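A quick write-up on the structure given underneath.
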Amino acid sequence: MHPVDKKSLALKIYEATGYQFRDLDLLLEALTHPRLSYKSAANYERLEFLGDAVLSMTVSEMLYRLFPDDDEGCLTRKRTALVRGSEVVEIARSIGLGELILMSGGERTCGGSDNPGTLENALEALIGAMYMDGGPEAYRSFIHKHWLARAQHMSYTPPQDPKTALQEWVQGRGWAMPLYKLVSKSGPEHKPVFAVEVSIQEHGNVLGTGSSKKLAEQEAAKLMLKKITELP
């Protein structure tokens, strides 16, 4: 991995997001692709885990305030629609994040900088890094800038996504909650295939695949829902 001009990278991120990072090593971690990092180097995976939770929490609060008459189910479906991968990827592309992700030349040549899974992961990692670097004001400002208008225009309640529908189905019948497990990841890095297994106690398991872990979970949930609704 070649040396990175951290100050130049921080300036580009400031121009893209409006946030000035203080901890440049943290920013570097948020933008480092897992395939580029060495065993001793950090990459964006841990910050992605954190950023995913921060984004979900902030959008949840936003919707709670915007739609005081919506029940839990409506709010959940709206949140799911707002934080789904395609929305996150669209925002990542709008700020030119792909060109700022640190990856190998081969990865970039194969389209890695515009890979939906990479863009989604990197933007969530960047949000997680904002949280760690500057606290609530840092990430709230960015999330509100890019998600508030989208939320305000949700005058309807989106249809349930398969994971939410499956969860509500089993809860309504007193069944054990679905458990999701990543079984495998195959294919080239710029076009991966994830396989996720969903299981419900005493009702077996089903395997779903997709170009990201989240899409594979949704596919598995859809297939499981089809299976259990066809039970006698």
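Note that Cβ sites are derived from N, Cα and C of the backbone, with glycine treated the same way.
Annotated active site per Swiss-Prot: D52 (among others), in sequence order. Cβ environment of D52 (active site): E124, G128 lie under 8 Å away, each six or more residues apart in the same chain.
Annotation source Swiss-Prot lists active site at E124 (among others). Taking the Cβ of E124 (active site) as centre and 10 Å as the limit, one finds 26 other Cβ atoms among all the protein chains shown.
Here N121 (Mg(2+) binding site) comes close to Y44, E45, E48: these same-chain residues lie at least six apart in sequence, with C-beta atoms under 8 angstroms from its C-beta. What Swiss-Prot records for E48, N121, E124 is Mg(2+) binding site.
Under the heading domain 'RNase III', Swiss-Prot lists 10-135.
Marked as domain 'DRBM' by Swiss-Prot: 161-230. Along the domain 'DRBM' (161-230), the predicted structure has mean pLDDT 88.
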(message) Please list the DSSP helix, strand and coil residue counts for the domain 'DRBM' (161-230).
(response) 28 helix, 21 strand, 21 coil
